[in-house]
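As recorded in TrEMBL, the features of this protein are as follows:
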type	residues	note
TRANSMEM	73-97	transmembrane segment
TRANSMEM	109-128	transmembrane segment
REGION	156-192	region 'Disordered'
TRANSMEM	209-229	transmembrane segment
TRANSMEM	250-267	transmembrane segment
TRANSMEM	303-329	transmembrane segment
Amino acid sequence: MTKDISVGAGAGLVAALLFGVLLKATTLAILLYLLAPLPILIVGLGWSHRAALAAVVAGALALALFISPPLGLAFAAYLAVPAWWLAYLALLGRPGAEDAIEWYPTGRLLAWVAGTAALAFVAIAVIASPDYDTFRSQLSAMSRRVVQVQVQRGRIPAPAQTENKADSAGTPAPQPGDEALDSETKSDSKSNDLAGEVADALATVAPGLAGQGLTVLFTFYLWAAARIVQISGRLLRPWPDLPSTMMPRTALLVFAAALALAMLPGYAGVLGIALIGAFSAAFALQGLAAFHDRSRGRPGRFALLAGLYVLLFLTQGVAMLALILFGIADTALDRRRPRARSGA
């Protein structure tokens with residue numbers, strides 16, 4: 001146990017270093033920052049969840065002491081604690097038939113990945129801006145900058161700059177082109193309204209987009225860490241059959257509750273929107289797994305899977321909606337789950 005804690009503490013310091021280099025704000029720093037959860041997951045899956053917990057404490061304390069306490073808290077809430085929690089769940093098991101261990105199902109683990117991603121986003125938002133109005137104004141400012149970039153690229157109509165001419169007495173002089181000027185002014189107003197509406201909508205759905213991204217990232221981190229530990233021969237559970245991954249139906253209830261929660265004001269609504277985005281990504285991943293599962297043993301399976309991934313790439317995620325619906329239907333119908341056979 002002492003060895004696990006020392007290994008975990010070392011991994012936590014490595015994770016803290018990867019997280020802290022983000023302050024450099026360079027491309028390399030961002031790439032290193034994205035690797036920060038991996039050391040914690042690796043020691044959690046290869047040694048024990050106690051080692052992962054030691055990594056959380058060591059990394060958070062190092063950042064708090066040497067840089068700033070808020071940064072240590074952000075590290076713990078946003079990446080370290082989620083990594084420890086997912087490693088802990090992945091190694092849960094109970095005695096099954098014939099003394100075999102029944103490991104925690106990958107479907108339930110995927111649901112927890114989504115829930116953890118949403119909670120991690122809300123946690124970092126509260127740490128950064130305890131006041132919701134401040135958080136909303138920061139989100140709106142960021143959304144306006146994104147919209148401005150889209151305007152520059154021509155994807156959103158740009159408002160033209162017009163000035164009303166006045167005569168020497170300060171009263172606008174009627175001109176033959178006044179009607180055209182009025183029409184142009186109305187068009188400018190509509191363009192401004194459109195840009196403002198797009199920015200407001202983006203600020204509203206931003207927590208959902210963040211939840212989606214974190215769910216995909218946490219899933220990838222968990223898979224990559226497990227592969228690394230498996231190659232080293234230290235993986236404490238057998239490699240699961242990932243195509244058979246299927247979330248329980250309670251995930252649908254959580255998704256429905258998130259839809260209702262999103263209607264509330266303040267951070268409660270932010271949590272609801274983040275959960276919607278996170279579980280949408282989880283359902284899409286399950287839909288992808290179901291496609292792999294149902295295509296097993298079929299002729300031309302490689303071509304089918306290659307076509308699916310090419311379609312996802314070419315449509316820039318538009319086909320993801322079909323995967324989300326497929327995953328929801330797969331969860332609701334529950335037809336892929338093995339049924340217990342009754343005794344003869």
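The backbone N, Cα and C atoms fix where each Cβ goes, and this holds for glycine too.
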* Touch test for the transmembrane segment (109-128) and the transmembrane segment (303-329), at least 3 Cβ pairs under 8 Å -> no
* To the transmembrane segment (209-229), which of 73-97, 250-267, 303-329 is linked by the most Cβ pairs under 8 Å? -> 73-97
* Structure fact -> Per the Cβ under 8 Å criterion, with at least 6 residues separating them from its ends, the transmembrane segment (73-97) contacts 12, 15-16, 19, 36-37, 40-41, 44-45, 48-49, 52-53, 55-56, 59-60, 63-64, 103-104, 108-109, 112-113, 116-117, 119-120, 123-124, 127-128, 218, 221-222, 225-226, 236-237
